[in-house]
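A.B. asks: Got a structure for you, questions after.
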Amino acid sequence: MAKEKLILIGNGMAGVRCIEEILHYDPGRFSISVFGSENHLNYNRILLSSILQGKSSLENLTIHKSDWYVKNQIELFKNETVMKLNTAKKKITTNKNRKVSYDKLILATGSTPYVPPLPGCSKEGVMTFRTIEDCRQIIHSSKKGENAVVIGGGLLGLEAAQGLIHLGMDVHVVHNAARIMNKQLDSKAANLLQRSLEKQGMKFLLEKETQSFEGSSRVERVIFKDGTELPADLVIIAAGVRPNIKLAQDCGIKTNRGIMVNDFMQTSIPDIYAVGECAEHRGMVYGLVKPLYEQGKVLAKHICGKFTEEYKGSILSSKLKISGTEVFSAGELFEKGYRKALTLYDEDEQTYKKIVFKHNKMAGFLLMGDIKDHVRLLDMMEKKKDFSDEEKLLLLNSSKKEYSISSMAQTGIVCNCNGVTKKAIAEAVLTKGLKTAEEVTEYTKASGTCGGCKPLVEELLYYIKSDGFHEDIEPETLCACTDLSEEEVVEEIQLRGLQSVEGIFTDLGWRKEKGCPICVPALHYILRMTVPDYEGDGQSVFVGETHNAVREANGTYTIKPQIYLGETNSSQLQRIADVAEQYSIPEIVISNDGRIMLKGIQEEDLQKIWQSLNMKLIPIHDNNSVSITLLTGFKGCGCENGTSKKLAVQLQKKTEYLVSPNRLEIGIASCIHGRAGFGVKDIGVIRLRQCWEIYIGGNAGFQLKAGELLAIASTEKEAEEVICTLVQYFRESAKYLESVSEWTERIGLIHLREVVFDVELRKLLIQRLAEDSYNCRQKLPVF
């Protein structure tokens, strides 16, 4: 099968990370070409300020060397800019008049520095700080003069100014706002930061507006609108960036501030995606690494045809990378409306901490001087944890006690840019024998992007190697037959196109030739979910709705007539009784869900029994079925239950042929008088006067647990949609034999609500449930 042609426009961090993800999910799908305007390999732009500050070298910036492109059969065109994009003919044209066709295309054109149209801005010595060439020019120009002016007191401007001080220049930072980093810091933090930077030699002119740059051929001074001026041998403009959208605009792709994309990073033109700083998602343009990498993962899965949740946006965070001054901020930092803040300032330690809450959830935080707690706080904010007043105060005062890496949860994120957890690093160190932070970075990518978490990585490495490390870091494998987790097995099945249990055993290096009682049923379930034409585990016989059975261990068969909600009639019962008597069926059993099962049928009688019975039969999956129970009020309560019965029957018809990771019990209470028991179902539904309340995660087992209220539906149709969404999402995302209660606890109630209330995702999941149900009716295993 011929490969599809994929073109990436932009050889930057976001685009190439997206290519990495595509190579991971479907390495043989595309023939890939990459066009980059710079004459360099893919490099880490975030570390450019570290070059000026003397912490790194230009050679250390490269992320992927030439052999990576060669190994992955990627055509790289450096120093070549795409000038024209013909979306009708699916062809690009470069500045070298090269014309290349594509099937899919990714725009990762990044952004360009904003240069105010001021007189003299084109003079020699006036430059921006964005690329390797900019960095080289700044270093070269710093040797020709003493005075430098940085226009812009934001994150990039301050880091550039620190670099110029390191290069021996006298530096003024000019900012048009009343405080530096005014978008990321409040007044208190900005004043503390300014005082700290002034001690390092940085000078500030605030609320100053530049009028022009003057000099002969080269800049010599900066003139301000208030008539004052500063001598300048070098000027760096760090006044923000603008998404590079011209190519998209010229070919008719919808743009606003950036290239407009949907939740799968698709543009308004089919087969064209956008990612990174050039993309605008839900009105936001992101310039930070973590959101761009999150976008790239969603794009990669979607373009490879894999299931993926939508990209829903990211929490904005920033970290100042200047020696001797640590600052981290995330989320909303300013009190407004329902947002209230708690602050703590330690004058002796020169630390400042501010946490903003909205409706008892963390909306943002700011750390200065001591930022070790930022990983834990960011994790809590992303999980939308509720805080009591006492917990809020404990959070605020946590900086008073020594932070310990040992107290960090194994699921805690150490590297936000690349999403690397404490457990992932510990596993790598213990299993691969890693000894240095550099080895950890190479193997896990932790601290390999912005480098901000390197001290935390080093601290964790020291802790793992110490006598005080006693944590159990057992890899969560599917079973003892493999070192792969369930997620990794699913991924390998999809990547390799495996279609049988035997193929999995062979290709994935199973230790036991025939597997074990844990992995064999799990693999059959996984294959049933991932391979459309999978023929099953050999235990099911399925010819059609009226012709199916399950083979028991003793060689006989069991059939189960479909009786919706356990309600039958004399005709059906007579037919069942006649068949049982005629063929001497030894066992007639009433199942837990109110249906009749005929057990002990001989194989030679199956065809005749099917014809005589002529009833819809349903497959029996004791531990993997969807069971629906109607819970009615006591006799004489007078409440109408017809609507609830209708909903229950509709759900039974939609789910009767489906398998699930574990038995899924749905209880529907027709009124307040029938609520006993519905609250401990996996999914509990109760009909009230004007709405339906839907609960999730109940447990009727040994550890009795009531479900939590997930959603309120105003109509029967909406209730049905919510329940079907939950059923399908559980089928697709739960681990094999994971209960709904465990699944709910693992992924979180907030996340489930986001899934349920996302209209487009809800439609998609309901559609897939219908497709799965249809496929199961049409083609199940025949033996």
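In case you wondered, yes, glycine gets a Cβ from its N, Cα and C as well.
Okay, so TrEMBL annotates it like this:
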- C637, C671: [4Fe-4S] cluster binding site (BINDING)
- 5-282: domain 'FAD/NAD(P)-binding' (DOMAIN)
- 318-385: domain 'NADH-rubredoxin oxidoreductase C-terminal' (DOMAIN)
- 413-461: domain 'BFD-like [2Fe-2S]-binding' (DOMAIN)
- 478-528: domain 'BFD-like [2Fe-2S]-binding' (DOMAIN)
- 554-614: domain 'Nitrite/Sulfite reductase ferredoxin-like' (DOMAIN)
- 627-760: domain 'Nitrite/sulphite reductase 4Fe-4S' (DOMAIN)
A.B. asks: By DSSP, what is the split of the domain 'BFD-like [2Fe-2S]-binding' (478-528) into helix, strand and coil residues?
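C.D. replies: Residue counts for the domain 'BFD-like [2Fe-2S]-binding' (478-528) by secondary structure: 28 helix, 0 strand, 23 coil.
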A.B. asks: Between the domain 'FAD/NAD(P)-binding' (5-282) and the domain 'BFD-like [2Fe-2S]-binding' (413-461), are there three or more CB pairs that fall under 8 A, provided the residues in each pair are separated by 6 or more in sequence?
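C.D. replies: Contact confirmed: at least 3 Cβ pairs fall under 8 Å.
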A.B. asks: What stretch in 5-282, 318-385, 554-614, 627-760 has the biggest tally of Cβ pairs under 8 Å against the domain 'BFD-like [2Fe-2S]-binding' (478-528)?
C.D. replies: 627-760
A.B. asks: Least buried of the binding-site residues C637, C671, going by other Cβ atoms within 10 Å?
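C.D. replies: Minimum Cβ neighbour count within 10 Å, taken over the binding-site residues C637, C671, occurs at C637.
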A.B. asks: Could you give the mean pLDDT over the domain 'Nitrite/Sulfite reductase ferredoxin-like' (554-614), rounded to a whole number?
C.D. replies: 85
A.B. asks: DSSP on the domain 'Nitrite/sulphite reductase 4Fe-4S' (627-760): how many residues come out helix, how many strand, how many coil?
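C.D. replies: The breakdown for the domain 'Nitrite/sulphite reductase 4Fe-4S' (627-760) reads 57 helix, 29 strand, 48 coil.
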